[in-house]
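Below is one structure, written out as structure tokens, with a few remarks after it.
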Amino acid sequence: MTVSNDTVDNAKATPELDQPWEELGLKQDEYDKIVGILGRRPTDAELTVYSVMWSEHCSYKSSKTHLRYFGETTTEEMASKILAGIGENAGVVDIGDGDAVTFRVESHNHPSFVEPYQGAATGVGGIVRDIMAMGARPIAVMDQLRFGPADAPDTARVLPGVVSGIGGYGNSLGLPNIGGETVFDESYAGNPLVNALCVGTLRVEDLKLAFASGTGNKVMLFGSRTGLDGIGGVSVLGSASFEEGEERKLPAVQVGDPFAEKVLIECCLELYAAGVVVGIQDLGGGGLACATSELAAAGDGGMVVNLDNVPLRAENMSAAEILASESQERMCAVVSPDNVEKFREICEKWDVTCAEIGEVTDKKDTYLVYHNGELVVDAPPSTIDEGPVYERPYARPQWQDEIQQAPEIARPESLVQAFKDMVSSPALSSRAFITEQYDRYVRGNTVKAKQSDSGVLRINEETSRGVAISADGSGRYTKLDPNMGARLALAEAYRNVAVTGARPYAVTNCLNFGSPENTDVMWQFREAVHGLADGSKELNIPVSGGNVSFYNQTGDEPILPTPVVGVLGVIDDVHKALAHDLGGIDEPETLILLGETKEEFGGSIWQQVSGGGLQGLPPQVDLANEAKLADFFVGNTSVAASHDLSEGGLAIAAFEMAQKNNVGVDLDLSVVHEDALTALFSESASRVLISTASDHLDGILQRASELGIPAVVVGTTNDSGNITFAGEEVATAELREAWSATLPNLFGHAVGANSVVE
């Protein structure tokens, strides 16, 4: 059976034919613009290509006008670190000595709601291929997860499937999962967030970019065969929110094969080493349509593609289906004719399917696609790649003043009971139920991962040079004040890297928001972008790349605005990375609190746990103080252990440092704040709890003073196994038991964990 195509000639002959542009996610004005570009109606294949490439996911059409602010705030000094920046598959930074690091965060939110396991698994696979496409070896992954209420039935369906998908794919690839964050909130019910981060390493001279150059060069498709999975994944899932009772969108969810990707990684690295690749692009969202049109648009000529040569795993696929398929584990390379044979030999060695599917031509800005010997696409690739740019209206919501009114702070009858309630809350409880499903130490280069502020990896076995990576974000803070919320996410990720002893070096982000057609959401988005861009400039670290995910809402209710910020740091010797846990030295430790504590409970976990809702202003952060903390920790060998203060404040930081070794801690809250509740649970920014041996105390206090960092001795450790404060006492083991039980009790017997949404 031969598929009948809608050809270019047929499109010219049938100008009045009705087309399903709306079902493909296009607006009337967008369809009209396509007709204007082509001078005729588009073919089915052209309509598919434009709908995919003009989706929010691929075109950034609603966010692009605001994202330009990142470029406007990047100084020459900041830019000098970047080898590849915004617009590439992933940001790449030069960290000196000929080494480069690439890292990026990508969202796979909507697919993970529809089919949790495959949605999350292919999210990991996609971000890993982004890193591969830069010429790098992927070395680790992280994940940022957001779910509905922890006790909601649908959370019990989604969370176990997502966690299994992340672990199943990442573990099979042999990549350590070195950290992450899991948050529960009502706003994510029906729209979970699954943001995956990957980091890779390469030599500076091995950098690869996505472009098709050189007349006569061949376009090679390699990896898995192309099937029907993921058809329309970008345009259907990336540009639509979930309505109550809406028909499930399972056909648009991709299916991953991590073992095929593991082989593809090694195949790519050998192809790079052999010098046979001119340009490279992974096939992710938008599939072959996206990969080939982007390569053509970035080159100095044109491209001809023959879909008859694409290896298929389904029969009778149309041109539109082949172009839009989001089958996983595929890459597209541009190769000179004299290297094609070598390219094929390497692919054959790794048992990777490859095919020559096209050629670079000297006809600039042309993109021709043939199927069954017929021309089905004839369009300028620049118009496909650039897409429309919208100046969406935005306005500060009327409810913003009301939500920022000073909250009434709940006062507990017992501080000990409040402490127990905090550590056992889903917001702060142990994530071991999740993280124990991930392999943290595969490959043997993980230095810090479990219960660490950031993941630390060795990247050079000879010099012990390494990197530290952290990713953070607070939707609660960002809803109260989007600009400050983004700054706080940046500050926490920066601080998490700094407390390991690494020097923060670069930033990436994943901006998760509701519908861009909502003026409130667009105001939140603009404010968050400005907060992150201005904050990065103040810290003098560049934003190397990012991702935007819109339409995260159920019906008309958007999620909490959630900018996830990743920070990469460099450490000269990973063996000198600072410890997280107390009890690591053979004598009592003195505890020192760096930074100033204020009564700041807006958006805090205490406000959430005590039933205070979401009210007030978030903590205020002066990023100059974060930079001072980084200066304090770099090269500091006097610190025995360190932990940043964030969610839950001093109490949670002290418990998390003490629990592993069952250390006793005696805290003096009076030197922190006159109010014991504030001293325990305030979430003031720019604070770190450190410990040191007594003979290093004076030197540490002097160093803090020289840098202008407030520092007070807040306590000491002992072998009692109890945490004492304000005349109260609670056993560390009792807190640990409550802390450890929450997630297993909620999800240990979840039913239907991998079922699709009905």
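Using N, Cα and C of the backbone, Cβ positions are placed for all residues, glycine too.
Under the heading active site, Swiss-Prot lists His57.
Per Swiss-Prot, the feature ATP binding site maps to Tyr60, Arg104, Asn509, Gly546; the stated evidence is sequence analysis. Asn509 (ATP binding site) is surrounded by 31 other CB atoms, counting those within 10 A of its CB over all protein chains shown. When secondary structure is read from DSSP and collapsed to three states, Asn509 (ATP binding site) falls in the strand class.
Among the features that Swiss-Prot reports, Mg(2+) 1 binding site is placed at Glu106, Asn547. Counting only same-chain residues at least 6 apart in sequence, those with a Cβ under 8 Å from the Cβ of Glu106 (Mg(2+) 1 binding site) are Gly123, Gly126, Ile127, Asp130, Asn195, Ala196, Leu197, Cys510, Asn547.
There are 31 other CB atoms within 10 A of the CB of Glu326 (substrate binding site), with all protein chains counted. Annotation note: Glu326 (substrate binding site) sits in a coil segment as assigned by DSSP. What Swiss-Prot records for Ser107, His108, Asn109, His110, Arg129, Gln254, Glu326, Ser327, Gln328, Ser549 is substrate binding site.
Here Swiss-Prot flags His108 as active site, proton acceptor, drawing on sequence analysis. Annotation note: His108 (active site, proton acceptor) sits in a coil segment as assigned by DSSP.
Annotation source Swiss-Prot lists Mg(2+) 2 binding site at Asp130, Asp282. Under DSSP, Asp282 (Mg(2+) 2 binding site) is assigned to a strand (E or B) in the three-state scheme. Sequence-distant neighbours of Asp282 (Mg(2+) 2 binding site): residues of the same chain at least 6 apart with a C-beta under 8 Å from its C-beta are Asn89, Gly126, Arg129, Asp130, Met132, Ala133, Ala291, Arg330, Met331, Cys332.
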Using Cα positions only, nearest of the recorded positions to Gln328 (substrate binding site) (Tyr60, Arg104, His108, Gly546): His108
Other residues, Cβ within 8 Å of Tyr60, Arg104, Asn509, Gly546 Cβ centroid (ATP site): Leu67, Ile86, Val105, Thr508, Cys510, Leu511, Gly545, Asn547, Val548
Residue, out of the recorded positions His57, Arg104, His108, Arg129, whose Cβ gathers the largest set of other Cβ atoms within 10 Å: His108
Pairwise C-alpha maximum, in angstrom, for the residues (Ser107, His108, Asn109, His110, Arg129, Gln254, Glu326, Ser327, Gln328, Ser549) that bind substrate according to the record: 21
Distance from His57 (active site) back to Arg104 (ATP binding site), taken between C-alpha atoms, in Å: 15
